[in-house]
Amino acid sequence: MTNAMKVEGYPSMEWPTSLDIPLKASEELVGIDLETDLPDDPTDLKTLLVEENSEKEHWLTIALAYCNHGKTNEGIKLIEMALDVFQNSERASLHTFLTWAHLNLAKGQSLSVETKEHELTQAELNLKDAIGFDPTWIGNMLATVELYYQRGHYDKALETSDLFVKSIHAEDHRSGRQSKPNCLFLLLRAKLLYQKKNYMASLKIFQELLVINPVLQPDPRIGIGLCFWQLKDSKMAIKSWQRALQLNPKNTSASILVLLGEFRESFTNSTNDKTFKEAFTKALSDLNNIFSENQHNPVLLTLLQTYYYFKGDYQTVLDIYHHRILKMSPMIAKIVLSESSFWCGRAHYALGDYRKSFIMFQESLKKNEDNLLAKLGLGQTQIKNNLLEESIITFENLYKTNESLQELNYILGMLYAGKAFDAKTAKNTSAKEQSNLNEKALKYLERYLKLTLATKNQLVISRAYLVISQLYELQNQYKTSLDYLSKALEEMEFIKKEIPLEVLNNLACYHFINGDFIKADDLFKQAKAKVSDKDESVNITLEYNIARTNEKNDCEKSESIYSQVTSLHPAYIAARIRNLYLKFAQSKIEDSDMSTEMNKLLDLNKSDLEIRSFYGWYLKNSKERKNNEKSTTHNKETLVKYNSHDAYALISLANLYVTIARDGKKSRNPKEQEKSKHSYLKAIQLYQKVLQVDPFNIFAAQGLAIIFAESKRLGPALEILRKVRDSLDNEDVQLNLAHCYLEMREYGKAIENYELVLKKFDNEKTRPHILNLLGRAWYARAIKERSVNFYQKALENAKTALDLFVKESSKSKFIHSVKFNIALLHFQIAETLRRSNPKFRTVQQIKDSLEGLKEGLELFRELNDLKEFNMIPKEELEQRIQLGETTMKSALERSLNEQEEFEKEQSAKIDEARKILEENELKEQGWMKQEEEARRLKLEKQAEEYRKLQDEAQKLIQEREAMAISEHNVKDDSDLSDKDNEYDEEKPRQKRKRSTKTKNSGESKRRKAAKKTLSDSDEDDDDVVKKPSHNKGKKSQLSNEFIEDSDEEEAQMSGSEQNKNDDNDENNDNDDNDGLF
């Protein structure tokens, strides 16, 4: 009888289930059933085995049966008794057995460290004895490698394994045997490579094992699956384990691994809650079934920890670890212990015990330093323990190898954002360091957004949008802030989350800053609707914000709100400032009253920098000249007494120095020129001081850009202005950009910027000045490219600017300047047309320029009559008028006559060319018709010829078919001749006769014989009934002997001889009576 593990489709592995022991005194046999008859104490068998002098194999078979039934200690005891019976070399295999038995015991999960070490020591001692008897036996070699493996000496095990395999191959080579791979050595090598984390090499060996021995135990499919799992191919891993379980349903390792795969699939591949519930429920059910049979398996216990954690039973998670897993930790793989410790860390974290959580995460990393989740947990506990710098270091080290991890980018972004927002950190760090913190936070959070959106099936955490918006606000990039805050709003609306009041308020603020007052007002009102009447402070703030948005469109309403707010809360400084500002801006308050109010406000709040800044602005913009000096004094006092870093005071003083520098620059006095340079330097120093305090202060940055531009350093000025535009896209910034482009002679870009200002910022006050600047840009471009059209564009803009000043006083210097420009443009257009080639001008253009010249002369006369006009000397103006009335006018009239004659000539030439072209077209059409007709006739002729050829070919085919039929009939008659028997009798004679003929005379007969043979074979295939022929004297066929002989001779003949004898062969055919025709 045999015990077999049957695997469908493969041969079975079998162990003996019974043993027959012969009795020494008789020929009888004593049978032992190895399944049921094994005694609990192996000494009961010793008497029988010793008295009957049983062979060593009987002892080993019984011991092996004990081991197969889980009684390894009894098997060891039996073999130890056998050592007393056998001596010398017979003990070799016994020691080998004991080695493997002790190695097997050392793998037990419930052993202590001391017990495991004892078993390994016993295995080592027995292995030494076994090697002493037989060092080259493969069983001893494998045991040596296995011993190294269990002690964790993987490098030594690999090295030893390679040496043993080489020695075996060398022995095979010496013996003349073919070396074959040893499955057990391959299995050990695959396991060692896996432990060394060389998963690809390990996978290849496991696959090789599967090919060599598909029923090998342990199943290579489990190793294949483990390698695939480590190589991030979970689908192939699960398939491998499922196949192993299918072949052996009792394989515990395979069933546990399949269960792990089910848990993973339920979390990663569930498309909705329903599928997750079904998959997770099935996994839990399978866990329950497997755990009932393997309650001490550490992997299953760790899975139970996972289940209880998600259930919220954190104490049970900790109990499983401390009371069950920790007891057998020496026998558990480190990766399993690491996972179990990790869940303990999470449980402590959930219970709020962050110190113990930190310890458990550290313990998890000690067991497996690659445990990513444990590293994340460690960093989070550091945050909870207020170790922010340490947590950043932890996460940054983790980021080096996990850049694409969404959660890691989110955490790092939030940590750096927290440092950027922290007021204490801001005070103790420089502006550059603060900017670096901001940039790092944005880098990580924007990468988090990119990674999350790329998945297309995950929602972004709305807080990420909020923080990014806030970070861009610190950089004064309000448009970008608005974009991200709007995305946060969309996200909240999508998940139907109640929108916080703060989000609506901030959105409104960003819309206000970007100039969309209507949208801002609407959002402020939405926010106010969410506030209860009891929350008075929030209500007042929103009322103030609503008033700010209505200042442009409804000043009365804004003033009313400010008055209400200040009456209820007199200490609301911002409302009082805005109220006074509106009154002053609309001239609703007398200067003396305004001065009194401002002084009262300042006296009550002398140290308030907002009020001091407003007071400085008032002094600067009041009509009294004395206030300019007061403004300077006031700003200096602010810097000296109250705050040396006040941005408004510093910028105001810097602006003053710029004004002084400009005035000195106009003077021709060298001292004034030197004073101008010093003033510019002082202004630069003040602007730079502001930027040190606030790196994103756009007013200081624009001041620096203006100084660079006025110093002809246009490149740096342009770069700064572009950055300022990104933060504050207002009219001044765009105009300054246009000025720089104009100075750099990039007229196209300058024109584009001026036109953008006109479209985007519809400011009636500045529109005429911008139109004049736009005309100037077109004029500069026209001079460069010598284009009349560009002069016309410049003229159109200048005229539009002049029309907008109809209501202004005629004494305005700006109007005089524009009129002069218009007159000058008319003269310039006339001069350009006069000098241009007739090909590039028209009669109408010259006529228009004559009219324009008249208009220009009128404007010059008008300006000449004005006493206050002093742009150019009167004498020069009179010379221009005289030049226009005489030389210019007569030159234009001549140009007009020349142009008319030129255009008449051109018109005549065009008409003549058109006629010639039409005639050529008609001729060409005639040629084309002729060619088309010739082509058609040719095609018809070809078609007719083709048809005739087809008819002739058809006739030839029919004739050939008729000839073939007649030839076939003749062949049938010759084959059925009555002379067949006579011909058969003469075969030997003819053969001898023909062999004596010359080669020339036999050549034709060989060819004819070959032809006849073909016809004979055809007849055999047709299988027709032969009829007697009436053609006497002819034979129906040639003999096979003749054909064979003639074939041999034909192969020896040369091609030249064959060609020479063709005619002779034909004559011989007629003479010979051989049946050929």
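Cβ coordinates are placed from backbone N, Cα and C, and glycine is handled just like the others.
For 56-89, the entry in Swiss-Prot reads repeat 'TPR 1'. Sequence-remote contacts of a segment are chain residues at least 6 beyond its ends whose Cβ falls under 8 Å from one of its Cβ atoms, and for the repeat 'TPR 1' (56-89) they are 3, 15-16, 19, 21, 32, 34, 38, 40-43, 45-46, 49-50, 95, 97-98, 101-102, 104-105, 133-134.
Long-range contacts of the repeat 'TPR 2' (138-174) within the same chain: residues 93, 96, 99-100, 103, 106-107, 120, 123-124, 127, 130-131, 182, 184-185, 188-189, 191-193, 195-196, each at least 6 residues beyond the stretch ends and with a Cβ under 8 Å from a Cβ of the stretch. The annotation repeat 'TPR 2' is assigned in Swiss-Prot to 138-174.
According to Swiss-Prot, the feature repeat 'TPR 3' maps to 183-216. Summarised as a single figure, the pLDDT of the repeat 'TPR 3' (183-216) averages 92.
According to Swiss-Prot, the feature repeat 'TPR 4' maps to 218-251. When DSSP labels each residue, the repeat 'TPR 4' (218-251) comes out as 25 helix, 0 strand, 9 coil, counted as helix, strand and coil in that order.
Among the features that Swiss-Prot reports, repeat 'TPR 6' is placed at 338-371. Residues 298, 301-302, 305-306, 309, 312, 314-315, 317-318, 320-321, 325, 377-378, 380-382, 384-385 of the same chain, all 6+ positions outside the repeat 'TPR 6' (338-371), place their C-beta atoms under 8 angstroms from a C-beta of that stretch.
Within the chain, the repeat 'TPR 7' (373-405) has long-range Cβ neighbours (under 8 A, six or more residues past its boundaries) at 338, 341-342, 345-346, 349, 354-355, 357-358, 361-362, 364-365, 411-412, 415-416, 418-419, 447, 451. If you look up Swiss-Prot, you'll see 373-405 marked as repeat 'TPR 7'.
Annotation comment: Swiss-Prot describes 501-534 as repeat 'TPR 10'. Sequence-remote contacts of a segment are chain residues at least 6 beyond its ends whose Cβ falls under 8 Å from one of its Cβ atoms, and for the repeat 'TPR 10' (501-534) they are 466, 469, 473, 478-479, 481-482, 485-486, 488-489, 492, 541-543, 545-546, 548-550, 552-553.
The feature repeat 'TPR 11' is assigned by Swiss-Prot to 540-572. Helix, strand and coil counts from DSSP across the repeat 'TPR 11' (540-572) read 24 helix, 0 strand, 9 coil.
The feature repeat 'TPR 12' is assigned by Swiss-Prot to 664-697. Remote same-chain partners of the repeat 'TPR 12' (664-697), defined as residues 6 or more beyond its termini with a Cβ less than 8 Å from a stretch Cβ, comprise 431-432, 434-435, 474-476, 645, 647, 650-651, 653-655, 657-658, 703-704, 707, 710-711, 727.
Residues or ranges marked as repeat 'TPR 13' by Swiss-Prot: 699-731.
Look at Swiss-Prot and you will find 732-764 tagged as repeat 'TPR 14'. Same-chain residues lying 6+ beyond the ends of the repeat 'TPR 14' (732-764) with a Cβ under 8 Å from its Cβ atoms: 698, 702, 705-706, 709, 712, 714, 717-718, 721-722, 724-725, 770-771, 773-774, 776-778, 780-781, 784, 804.
Under the heading repeat 'TPR 15', Swiss-Prot lists 768-801. In the repeat 'TPR 15' (768-801), the DSSP tally of helix, strand and coil residues is 32 helix, 0 strand, 2 coil.
As annotated by Swiss-Prot, region 'Disordered' applies to 959-1077.
Summarising the annotation, Swiss-Prot assigns compositional bias 'Basic and acidic residues' to 959-980.
Marked as phosphoserine by Swiss-Prot: Ser1015 (among others).
For Ser1017 (among others), the entry in Swiss-Prot reads phosphoserine.
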Residues in the repeat 'TPR 1' (56-89) grouped by DSSP into helix, strand and remaining coil: 29 helix, 0 strand, 5 coil
Residues of the repeat 'TPR 6' (338-371) by DSSP state, where helix covers H, G and I: 27 helix, 0 strand, 7 coil
Long-range neighbours of the repeat 'TPR 11' (540-572), counting only residues six or more past its ends (CB under 8 A): 505, 508-509, 512, 517, 520-521, 524-525, 527-528, 531, 578-579, 582-583, 586
Chain residues in Cβ proximity to the repeat 'TPR 4' (218-251) (below 8 Å; excluding those fewer than six residues from its ends, i.e. six or more beyond): 5, 7-8, 10, 187, 190-191, 194, 197, 199-200, 202-203, 206-207, 209-210, 257-258, 261, 264-265
Counts of helix, strand and coil residues, the repeat 'TPR 2' (138-174), according to DSSP: 34 helix, 0 strand, 3 coil
